[in-house]
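Engineer: Could you have a look at this structure, given as structure tokens, before my questions?
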């Protein structure tokens, strides 16, 4: 039932949302039903919940294995661009669980596991792809940072901690954990530090690669129950990693130079045309990667062999960055518009302003990751001044504001009323 205030004559007829308790003055719209009321904010929340449930149920197909098309469709809702990488991930995840669904039915051919390596410049969506997969695939999922890993016995995390995190995400259900997905980020940071053997042991580089080999290929890892340190007296949980899918991702800074150098050597001679690395985008160069380039970068041959599926991601171009700014559910423009709504102010971006923001991100070579810092710099003064100003109803951001040659345009309530009267 809706609540009716009894404190004063003004509040006697005030209506309240039956779900969140907000009054009709705190929301834009209050919809009346038989003896109940619901506000526009609660309606939006209900619609979001229904949409999420529809997306989750959509990826359920025959035998419980989502088809590649179904996985791709959900990835497209959250991740802009990268069609090739999304297709590779969709097929790999589908095949992985199809293999598990048919395990033991026909033993004449044993299907090997295909772990995945994602290579792409910074800010192109590698981590977001993995996080989105976690949201749409109903299996335990964990993310690990390769920079924190060291060999067992040294200060830092050992590789078995990854399996422990996966087990925790499965609520210590070993059967479910053994069908999970592990994403290891910053995998390029564990490359061999140099070609020359050193007196000091490389515990965070080649040593970690060696330690990861076993769990990626398939081994029975001993994990302490409910976390904590290992003690000789305690019983361990045995987790078989043979059916855990490993996805590794990294920016591989400098790999483009290795690939370009190899291209130059193979293009020597009269009439050979070699494009300068400066004339080609990093994503285009990465597409020509070969296993030998990864070996030169510092990955050991056995480790490269454990990652047979290779997907390269492209640099995000201007249209893709504009889409990222405006289209996803949690798009940056929508986030800042919601912030300004809290001050009862509309925030408007001209199309050429969004284009200028995207161009600046491309110049900085930070990809989508750099968009937030650019937006913060543009709106800093406005967000500082706005709470103390009265009567502002709209803030307009033009291309000149992004380039720094003008200030944001403030439109006051009187001006808005005049505009409305003129158009009427």
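Placement of Cβ uses the backbone N, Cα and C atoms for every residue, glycine included.
Taken from Swiss-Prot, the feature Zn(2+) binding site covers 17, 20, 39, 42, and the record attributes it to sequence analysis. Annotated ATP binding site per Swiss-Prot: 121, 122, 123, 124, 125, 126, 127, 128, in sequence order, evidence recorded as sequence analysis. Annotated domain 'ClpX-type ZB' per Swiss-Prot: 5-58, in sequence order, evidence recorded as sequence analysis.
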Engineer: State the three-class DSSP label for residue 126 (ATP binding site), counting H, G and I as helix, E and B as strand, and everything else as coil.
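Structural biologist: Looking at the DSSP assignment, residue 126 (ATP binding site) belongs to a helix.
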Engineer: Out of 17, 20, 39, 42, point to the one nearest residue 125 (ATP binding site) in space (Cα versus Cα); all of them are binding-site residues in the record.
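Structural biologist: Checking each of 17, 20, 39, 42 against residue 125 (ATP binding site), the shortest Cα distance is to 42.
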Engineer: Roughly how many Å separate the Cα of residue 42 (Zn(2+) binding site) from that of residue 126 (ATP binding site), to the nearest whole number?
Structural biologist: 34
Engineer: Measuring CB to CB from residue 127 (ATP binding site), give everything in the same chain under 8 Å that is also at least six residues away in sequence.
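Structural biologist: Once residues fewer than 6 apart are set aside, residue 127 (ATP binding site) is near 143, 183, 185, 249.
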Engineer: Per DSSP, to which secondary structure element type does residue 42 (Zn(2+) binding site) belong, with helix, strand and coil as the options?
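Structural biologist: The three-state answer is helix.
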Engineer: In Å, rounded, how far does the Cα of residue 128 (ATP binding site) sit from the Cα of residue 20 (Zn(2+) binding site)?
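Structural biologist: Residue 128 (ATP binding site) and residue 20 (Zn(2+) binding site) have their Cα atoms 32 Å apart.
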Engineer: A 10 Å Cβ contact count, applied to the binding-site residues 121, 125: which residue has the minimum?
Structural biologist: 121
Engineer: Which whole-number value in Å describes the distance between the Cα atoms of residue 122 (ATP binding site) and residue 20 (Zn(2+) binding site)?
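Structural biologist: It is 41 Å, counting Cα to Cα.
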Engineer: What is the interatomic distance between the Cα atoms of residue 39 (Zn(2+) binding site) and residue 123 (ATP binding site), given in whole Å?
Structural biologist: 38
Engineer: Between residue 123 (ATP binding site) and residue 20 (Zn(2+) binding site), what C-alpha distance do you get in Å?
Structural biologist: 38
